[in-house]
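Asker: Annotation comment: Swiss-Prot describes 1-16, 102-132, 191-206, 299-330 as topological domain 'Cytoplasmic'. Taken from Swiss-Prot, the feature topological domain 'Lumenal' applies to 38-80, 154-169, 228-277. The transmembrane segment annotation in Swiss-Prot covers 17-37, 81-101, 133-153, 170-190, 207-227, 278-298, and the record cites sequence analysis as its basis.
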Amino acid sequence: MAGWAGFELSALNPLRTLWLALAAAFLFALLLQLAPARLLPSCALFQDLLRYGKTKQSGSRRPAVCRAFDVPKRYFSHFYVISVVWNGSLLWLLSQSLFLGAPFPNWLSALLRTLGATQFQALEMESKASRMPAAELALSAFLVLVFLWVHSLRRLFECFYVSVFSNAAIHVVQYCFGLVYYVLVGLTVLSQVPMDDKNVYVLGKNLLIQARWFHILGMVMFFWSSAHQYKCHVILSNLRRNKKGVVIHCQHRIPFGDWFEYVSSANYLAELMIYISMAVTFGLHNLTWWLVVTYVFSSQALSAFFNHKFYRSTFVSYPKHRKAFLPFLF
């Protein structure tokens, strides 16, 4: 009974509950969109909170009260500025702790304890044999935090030097959520590091010898997925540029090439694969991170559904074999 009680307590920590709630909310919203039209909520605000960019423009004329809360879609770059700074800081603190034995600041330890207290275990209760998985988990969290920072840095670069933003908008609620999102993701990664009070279990000198097959596979998958996402964003950008790379319009065109041959939102599919690569890096059995992946799947699938609907209603010649998000399936 004590074992089950401990499992239930760890399974219901605030962090997992939050990601589960977000995943369930977006999955429910997706199922509503797939339901018959008569079952869809008629509230304009509900639809406005779900859509952004071109899918927001493609609907019927939006009420003035909705337009009053518009934020330019180009403000996406703000999300990645915050992520680079915040998650870069978390990566620095984790590196200091792993390689120099420096404790986390009091405020960070308190925050992590609040979000996921199950990571704090008494060292005296751990046998020498059981510290090996803890060391592997520490390496996993370190690598995933590196991946998250690299991903954010690349996306920030793309916002400034690759993407061509139109005058499309996002809702201010979506904007505020985006500002908080990468802060929460970084804390989620850090909360998986095995710790005793403020000190990380494993020092860096023993960290690299903990590398396992899933660390290597996760790294390969991450860079493979990132390369495809970058290529997809270049394809989308080139639709608005001439052969010299000069922006000539901000209209929408049908993308071709790479994963766009299979799905309408290839960049969203790549985003999902990036998060799955992080789940692999965690050893495929980290429940908290799989809840994050479930949220990413639900939110990206919803956006992909709207994109697919936009393309099919806008372009008569749109390829009929393409799916919205998952090749050959959805």
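Numbering starts at 1 and runs along the chain as it is shown here.
Just so you know, glycine gets a Cβ as well, placed from its N, Cα and C.
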Asker: Are there at least 3 C-beta pairs under 8 angstroms linking the transmembrane segment (81-101) and the transmembrane segment (278-298), leaving out pairs fewer than 6 apart in sequence?
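Answerer: Contact between the transmembrane segment (81-101) and the transmembrane segment (278-298): absent, because fewer than 3 Cβ pairs are under 8 Å.
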Asker: Taking the transmembrane segment (133-153) as the first stretch and the transmembrane segment (207-227) as the second, find out whether 3 or more Cβ pairs fall under 8 Å, excluding pairs closer than 6 in sequence.
Answerer: yes
Asker: Quick one: average pLDDT across the topological domain 'Lumenal' (38-80), no decimals.
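Answerer: Across the residues of the topological domain 'Lumenal' (38-80) the model's pLDDT averages 77 on the 0 to 100 scale.
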